[in-house]
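Copied over from TrEMBL, here are the features:
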- 127-307: domain 'Malic enzyme N-terminal' (DOMAIN)
- TYR150: active site, proton donor (ACT_SITE)
- ARG203, ASN471, ASN516: (S)-malate binding site (BINDING)
- LYS221: active site, proton acceptor (ACT_SITE)
- GLU292, ASP293, ASP316: divalent metal cation binding site (BINDING)
- 317-585: domain 'Malic enzyme NAD-binding' (DOMAIN)
Amino acid sequence: MSNFNSPIRLSSSVVKHLKRYRVRGTGTNPLLPHSRSFTTTEGHRPIIVHKRSLDILHDPWFNKGTSFSFTERDRLDLRGLLPPNVMSTEHQIERFMVDLKRLEEQVRDGPFDPNALAKWRILNRLHDRNETMYYKVLIANIEEYAPIVYTPTVGLVCQNYSGLFRRPRGMYFSAEDRGEMMSMVYNWPADQVDMIVVTDGSRILGLGDLGVQGIGIAIGKLDLYVAAAGINPQRVLPVMIDVGTNNEKLLKDPLYLGLDRHRLDGDEYVAVVDEFMEAVFTRWPNVIVQFEDFQSKWAFKLLQRYRSTYRMFNDDVQGTAGVALAGLLGAVRAQGRSMIDFPKQKIVVAGAGSAGIGVLNAARKTMARMLGNNEDAFHSAGRQFWVVDAKGLITEEREDIDPDARPFARKVKEINRQGLREGASLVEVVNQVKPDVLLGLSAVGGLFSKEVLEALRSSTSTRPAIFAMSNPTTNAECTPEEAFSIVGDNIVFASGSPFKDVNLGNGHIGHCNQGNNMYLFPGIGLGTLLSGSRIVSDGMLQAAAECLAAYMSDEDVLKGIIYPSISSIRDITKEVAAAVIKEAIEEDLAEGYRELDARELRKLSQEEIKEFVLNNMWSPEYPTLVYRDE
C-alpha cells in the first residue's frame, strides 16, 4: 500500500486530463467580524464559466432556470431561451413545493409507501437540472426530506436503482479497471474534491448485497454532507467499487447494471481497493474518504489498513459508534445522573457485526477514560457489556469466535454465577442481567420481542433505555409503540430510522429519538477538512460524540429527548466540527486549511473556531456567472 504523499510520475495523457474542465473564481471574500479575521472560501463571488446558451441551462451546477437576470441572459446568450419573467429563488421554490405537495395529496400511505419513492424521483429530477435550488429545498426542509434522500427511502432506491438509473452521478471503479484507475480518476471534471463517499455495495443498510446499485447510498450520504456540513457540491464525489455481487437475483436480472460475476475476495479484493485509494489520493491529496456499507468481514480490516495512512473513516463502524455513544451518555443524563456515571451502566448488546463492535469499542474506551484510562480501567469497563449474536451470548467457550468480538466474550465462571451459559438467548440474558440499556444493532426486525421487552421490566435502572438502531425501518428491533406499551412510560427510546412520537395519554408523550448518523458524520468530515488533520483519530471521533451528547439541555434530556431536532442540523454540525478541530489541535494533528496555517489555527479561541467553521460552510445561493472563452 502506497502512502498518498509519495511522489508519482504522471503520463502525458494524465497531464492532459489535468488541464480540462477548469472553473475559476474571482472576487474578495468577506471577513469575520472579529479582531482576528479569516477569509471565507464559501462566500459570494463571481464564477467564470466556459459555456453559454443551452449548455448552461443543461448544466445543473450553473443552471438558475427562470432566476437568470436580464444582464446574465444577455451575457450568456440566454435571452429568448427562457420565459421573460425573472423569478426569485423563493418563487422558484414555491412553484416546486406546490408540485410536490400536490403529489402528497394524491398519494397517501404509511412510512413504507411508494409515495416516498415518488418524492425521491421528483427531488432527483430537480437535482439533475438545478443543484443550487435542490440544496436550497433540502436545507429548508431537512427534517422532512432527509428520510427521502437517505434512510429509510434510500434503501428502496438502492433496491430499484437499475430501473431508476437515468443519468450518471459519481464514478464507478470495477474489478475490470485494474491497472487503469490512476488514469481513470482524471476523467472526473473537478480539479478539487474535498469529500468522497465510497461503497462496494456489499451490505447496504440492512438489505444485504445490492452490488452496483449501492451507489445510491453514497449519493444520498453526500447530499447530507452538502446540506448539513456545507461541503461545496462541486467538490464531492460518490464512488462505487464494483467487484461483483453474490446476490443471485441480481446476477439473473438482465437489467442489472453491474459486473455479472460473483464478488472478488481475499488478496484480489484488497488489491482493487488499494489501487482505488492510491489513485484518488494521488489526484486529490487532501480529500477525505468515508467508507460506507462494506460488509463486516472487510469493514474493520480496511479501516485498520488505511486509517493511519489516509484521511479516511468508516461511518458504519465509527459514525454509528459515535452517535450511539452520544445516546448512551444522554440516557445516563435522562436518569438524572452525571455522564461520569456512565461506567456503572449495564449494557446488553444484540448484534456483533461491524456496527455493534464499533459501538462496543467506543463505549468501552469512554468508560475506561472516565475510570482513569489504565489497564485496570479498561478491564473493568469491558465487564459492563453482554454481547448476544445469532448464536446467543458470546463467551470464552465459543469456538471460532470473531477476533473483533473476542475482547467482549464473557468469562465462563462469571456468567455461571449469573445463571447464564454460552449461547444463552437474548431473553435469558435480559432476565438475568437486568440491564440499564438494551442496544440493538442486529439488522433483525422485531428481535426485541414481547418476551424480551417484558424481561426488561425487571431492569435495575430507574429509567431503562432501548436503542433499536438497525436500518432501514423494517429492520428495527422493535417499534416505539411496542417499547412504551410493554416496558412502560418511563423509558428512553431511540431508533436508527425515523418513527413518530407515541401518545401515552393524559398529555404525556413518549419521545422517539432517531440516532441518526447524520448528527456526526458531517461534522467529522468538515472538522477534519478544516483542521487539515492528517488522519481521523479516535480522539477526534470521541470529541464529536461528547459534543453531541452535551448539545441537549438538561430540561429536554429529563423529558427523554436525548437527540436534537434534525431541523438544527447545520448548527449541530458547526458545533461538532469545532469540537473535532479543537481535538485535532490538542493532538498536534492540525495542519491548517488554505490561508489559515496550523500556527494561526492554534491561536483561535473556541468561539473563533466556530466562526471559522461557519464561514467555510457553503450555502446554496446563485452566484454571478461570467463567460470567458477558453
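Glycine is treated like the rest: Cβ placed from N, Cα and C.
Predicted automatically and left uncurated, TrEMBL annotations should be read as such.
Remember, predicted model here, so these are calculated numbers, not experimental data.
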Going along the chain, which residues six or more apart from ARG203 ((S)-malate binding site) have their CB under 8 A from its CB?
ASP209, ASP293, PHE294, GLN295, SER296, ALA299, ASP316
Which one is it, among the recorded positions LYS221, GLU292, ASN471, ASN516, that lies nearest to TYR150 (active site, proton donor) by Cα separation?
LYS221
Could you give the mean pLDDT over the domain 'Malic enzyme N-terminal' (127-307), rounded to a whole number?
93
Shortest C-alpha distance to the residue listed as 'active site, proton acceptor' - which of the binding-site residues GLU292, ASN471, ASN516:
GLU292
Over all shown protein chains, what is the count of other CB atoms within 10 A of the CB belonging to ASP316 (divalent metal cation binding site)?
25
Cβ-Cβ neighbours of ASN516 ((S)-malate binding site) (radius 10 Å):
25
Could you state, as a whole number of Å, the largest distance between Cα atoms of any two of ARG203, ASN471, ASN516, the listed (S)-malate binders?
18
If I take the alpha carbons of GLU292 (divalent metal cation binding site) and ASN471 ((S)-malate binding site), what is the distance between them in whole Å?
14
